[in-house]
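The following features are taken from TrEMBL:
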type	residues	note
BINDING	K121, Q184, G216, D247, K390	UTP binding site
BINDING	H217	substrate binding site
Amino acid sequence: DFSKAMSQAGSSQFQEVIRQQLEYSMKLELDKILATAPSNELEHTENDLEGFKKLFHRFLQEKGPSVDWGKIQRPPEDSIQPYEKIKARGLPDNIASVLNKLVVVKLNGGLGTSMGCKGPKSLIGVRNENTFLDLTVQQIEHLNKSYNTDVPLVLMNSFNTDDDTKKILQKYSHSGVKIYTFNQSRYPRINKETLLPIAKDVSYSGENTECWYPPGHGDIYASFYNSGLLDNLIAEGKEYIFVSNIDNLGATVDLYILNHLMNPPNGKRCEFVMEVTNKTRADVKGGTLTQYENKLRLVEIAQVPKAHVDEFKSVSKFKIFNTNNLWIALSAIKRLQEKNAIDMEIIVNPKTLDGGLNIIQLETAVGAAIKSFENSLGINVPRSRFLPVKTTSDLLLVMSNLYSLNAGSLTMSEKREFPTVPLVKLGSSFTKVQDYLRRFESIPDMLELDHLTVSGDVTFGKNVSLKGTVIIIANHGDRIDIPAGALLENKIVSGNLRILDH
């Protein structure tokens, strides 16, 4: 036992020495990078690299999945409230004064690359030529007009999306919505083998674009605070932010949740509210809320020990997942940020660059900070508040007659008999937005559709109707043209189908 203890002590000392060496080497490399910063970027770059150093330090300290599976418990009953209960309280007469305490923040750091688009994802056309950003501005404009309020919109951009977004913002100068932006940090990607930055200087254009990355939306707390915007909004009397992904078209301002925050039934305000919704088969990988060491805690699939991944995915044990619609008290962000007390697990995101180099990105997620805030709460909201558009399959749903558009908000058509949306899987020929648009002369009628799978070289004519389960598979080298006006109900179409005009 003695020799075992000695060898363990020896190995932990050895690991400590290696850790110190890695941190020292990292510091030297970051200092070299900082030395290349022009004077007008110096302070900003220094802030970014300091933030990265802290994250790297924690990355070296942490071992394996950061949750002890044995400590995970179901959240207590009252810690996740049903939305119906929140809504049943109704709204106060002075809803405008409550709204004037709110700021809407949209996470706008992502590019449209997964859908084959260049530039910010928020500028992809979603419905009647309206982009994600257009719809967001229309929603807040409608809110401000209806209640005579001044709810501002804040966009958290990344260095990838900032320039393009700022150019487009000029078109909203008369919109009746104040729009602010701030940038999330810019961190260096590190070589998976050496754990050193692949960047040699601060530039991030040309061949250096691959050397840097925005470190996930957990960076919102530090970058919002560092931008000075947080303090300005507090000085204006703002008290809460409503944060959501700009591609979640269901994330509109909910007056009932806002009222619950501002006028809590027990008199004790929540500092952090996470909207969760019931899992379906499509959501098994979504992060879930648990009770952990007497605090609400968000557990993501990446933190789960391998032996328990199936249990984590089970819909029976973990019935809900995080929509990433969050309501957070501004004063609490300021307090925790100044104490350096926001604790978020590190997500290690491995990637392979175009040249074949394996790198890792250290990231954090905004919802993971829930355990750092006082009096946190989950609210189990209807599925309609979670309508993300990640792929062209999602885009087909929101462009179709399943939804109607009113003042920037999409609502499910009353003609749809089921409360859930159809399951749509479009094959790789539809991945890029421009290819997808080329393959539909008009978006089919999908009101009675349950399931659609399309694979291969398939095009749709005008006014096609799809009902029940429809599967269309064009074999390699074949092509299927669904003719204009066709009705496909519970059909499998395969092989080769071309109707030619003569």
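Backbone N, Cα and C atoms are what each Cβ position is placed from, and that goes for glycine too.
Bear in mind that TrEMBL entries carry predicted annotations, made automatically and left uncurated.
Here the features listed in TrEMBL are painted onto the structure.
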residue : record           : Cβ contacts under 8 Å, 6 or more apart
K121    : UTP binding site : G110, L111, G112, M115, F132, T161, I246, D247
Q184    : UTP binding site : G109, M156, N157, S158, P214, P215, H217, D219, I220, S223
G216    : UTP binding site : I347, N349, E363, T364, A365
K390    : UTP binding site : S114, D247
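The record assigns K121, Q184, G216, D247, K390 to the UTP site; their largest pairwise CA distance measures 21 Å.
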